[in-house]
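Let me begin by presenting the structure, written as structure tokens, before commenting on it.
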Amino acid sequence: MTCLPEITPGAKKLGLVIDLDTCVGCQGCATSCKEWNASGHSAPLPDYKPYSAGAEGVWFNRVHSYEAGEGADGRTVHFPRSCLHCETPACVTVCPTGASYKRGEDGIVLVDHDICIGCGLCAWACPYGAREMDEDQGVMKKCTLCVDRIYNETIPEAQRQPACVLACPTKARHFGDLGDPESKVSRLVAERGGQPLMPELGYGPVNSYLPPRRRADTQPVEDAPTPMDIKNPVLRWMDRVLSR
Amino acid sequence: MNPAPSIVFFTTASGAGYGLLFWLGLLRPVGLVPQVPAFALLCLALALLLITAGLASSLLHLGNPQRAWRAFSQWRSSWLSREGVAAVATYIPALLFGTALLTGRPGLATIAGLVAALGAVVTVWCTGMIYASLKPIPQWHHPLVAPGYLLLAAYTGMALLAAVSAIGGVVAGPASFIVTLGLAGLVLKIAYWRLVDGGMGRSSAESATSLGFIGRVRPLDPPHTETNYLLREMGFRIARKHAAKLRNLTLLLGFGGPVLLALLATQLGFGGLLLPLAALLALGGMLLERWLMFAEARHTVTLYYRGT
Ligand code: SF4
Ligand code: SF4
């Protein structure tokens, strides 16, 4: 059913919080995502021409790098891009078949690959480029928020998290319930001023991006030398006289 | 956006087909087109041929065409689904129209023709809304897009109707319709291009990355060295270089030419030759227009890859 579940305050909204301050652009999350999802709910995740020039394939997570700002204020920011599991996603409502749907119980946006006709309209409707067609099977694929890990009772509890979150070496990725204001992720968003992407389009992205921290405004000042730092006895005497 | 040939052909062919069906159903009862059943049957056959060819071509675009029937289910939320339902539903009055013509039941023919005309309008409106409802593509998410689909379908449909009726010897009425609709189409396209060129879309690389508070944002390293589905499907940019020329060609061939030919046909005669030529030009121009509609449209995902 491609009509969206009703938005109820306090309802579970599972999602990711991504820290652009600590992400180092290592591609660990993207690789780990590809590895897990090549055999999970969305399997297979094809690669076309994998062993020759022009190799490409379906990935759910793409890590870009940007330069932001100019001169001394400019900085490099690494930026992982994946499905934001939006609250009002047009990718779902445009789907003619009901293959795309948003789950009422946790807000995860999924595709039923047995129903999808591969029209590609949902990929057009997603502003964030989060959907990629499996051109071998002719069906749309996308991030599942590792729905086959987070509820999976056959793996140790500590591992019931999206593969990207577990893989991140700098702990720049956090997973949790953004519908609960008291959750760890919600508190992170509140403390650090987490930002939605392209809020002007009104999709209500659930994932949030923590902005890179501002550099301290004041330049570090060199400490004034103490008398002990002044080796020359004449200068040390002058320092003492002048310091009175 | 990638101008997939199957979709460019689909919207042009079935647009013209529905336009023809619309005018036939509407103008026949008021006596503005030849009344012989053979004329209506010929036009109807042509309309259904174009519609069916267009729909078949759109199926080619699907990854799993054998499941296409599922697309009728989500009409509550999806314009694509609504288009499918409307397209199939329109066959019913259209075929009834044909049967009534064949069996000589003028009353039924009139009613079925009018219902088919209504179905044609609804279907083309749904087609337009598929594009007009997509917020990530500002050139499509524009108030002139869906009306444009209607007007251009009406225009090409009228060009076809005029061609057939001119072969049958009726020229003046249909030709004046071509002139009116052609000029309206010309004005609409020029206005649309003016509006979309004057800055489109509120989104930017800054809002797409949430990094605008630092300053201007520009891509440094791409996430992948080869292309991917997103770039092939939404990063198309071959046309940009030639856009100005192609636009002029569209206006000249698609609108200017047919309007001129229609005027000539009313003044000089030779309608049986000039109006079919006008229809061909109009259809050719529409293919070009549809192609540009895709090629010139920019999806917000290119903000991530190119910063613009
Ligand atoms: S990010 Fe794209 S695919 Fe994911 S829910 Fe939002 S609109 Fe849909
Ligand atoms: S590609 Fe599949 S999931 Fe996407 S809109 Fe079409 S049918 Fe729905």
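Heads up, residue numbers simply count up from 1 along the chain you see.
Note: Cβ is positioned from N, Cα and C throughout, glycine not excepted.
Marked as transmembrane segment by TrEMBL: B:7-26 (among others). Same-chain residues lying 6+ beyond the ends of the transmembrane segment (B:7-26) with a Cβ under 8 Å from its Cβ atoms: 33, 40, 43-44, 46-55, 57-58, 61, 87, 90, 94, 97, 112-121, 123-124, 127, 149, 152-161, 177, 283, 286-287, 290-291, 294.
Residues 4, 6-7, 9-18, 20-21, 24, 28, 87, 90-91, 94, 97-98, 101-102, 109, 113, 157, 160-161, 164-165, 168 of the same chain sit 6 or more residues outside the transmembrane segment (B:38-63) yet have a Cβ under 8 Å from a Cβ within it. Marked as transmembrane segment by TrEMBL: B:38-63 (among others).
Per TrEMBL, transmembrane segment is recorded for B:84-102 (among others). With a threshold of 8 Å between CB atoms, the same-chain residues lying at least 6 positions outside the transmembrane segment (B:84-102) that come near it are 14, 18, 21, 25, 37, 40-41, 44-45, 47-48, 51, 55, 68, 71-72, 75, 108-109, 112-113, 115-116, 119-120, 122-123, 126.
Using a Cβ-Cβ cut-off under 8 Å and counting only residues 6 or more beyond its ends in the same chain, the transmembrane segment (B:108-132) has close neighbours at 11, 14-15, 18-19, 21-26, 28-29, 40, 79-80, 82-83, 86-87, 89-90, 93-94, 96-97, 100-101, 140-143, 145-150, 153, 293. Annotation source TrEMBL lists transmembrane segment at B:108-132 (among others).
Annotation comment: TrEMBL describes B:144-167 (among others) as transmembrane segment.
According to TrEMBL, the transmembrane segment annotation covers B:173-192 (among others).
Away from its own ends, the transmembrane segment (B:246-264) comes close to residues 159, 162, 175-176, 178-179, 182-183, 185-186, 189-190, 193, 239, 270, 274-275, 277-279, 281-282, 284-286, 288-289, 291-292 of its chain (Cβ-Cβ under 8 Å, at least six residues beyond either end). Summarising the annotation, TrEMBL assigns transmembrane segment to B:246-264 (among others).
Feature annotation from TrEMBL assigns transmembrane segment to B:270-288 (among others).
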Cβ under 8 Å to the transmembrane segment (B:144-167), counting only same-chain residues 6 or more beyond its ends: which ones? 11-12, 15-24, 27, 33-34, 39, 42-43, 46-47, 50, 120-121, 124-125, 127-129, 131-132, 173-175, 177-178, 181-182, 184-185, 188-189, 191-192, 195, 258, 262, 265, 271-272, 274-276, 278-279, 282-283, 286, 289
By Cβ distance under 8 Å, which residues at least 6 away from the ends of the transmembrane segment (B:270-288) in the same chain are close to it? 8-9, 12, 15-16, 152, 155-156, 159-160, 162-163, 165-167, 169, 171, 174-175, 178, 182, 246, 249-250, 253-255, 257-258, 261-262, 264
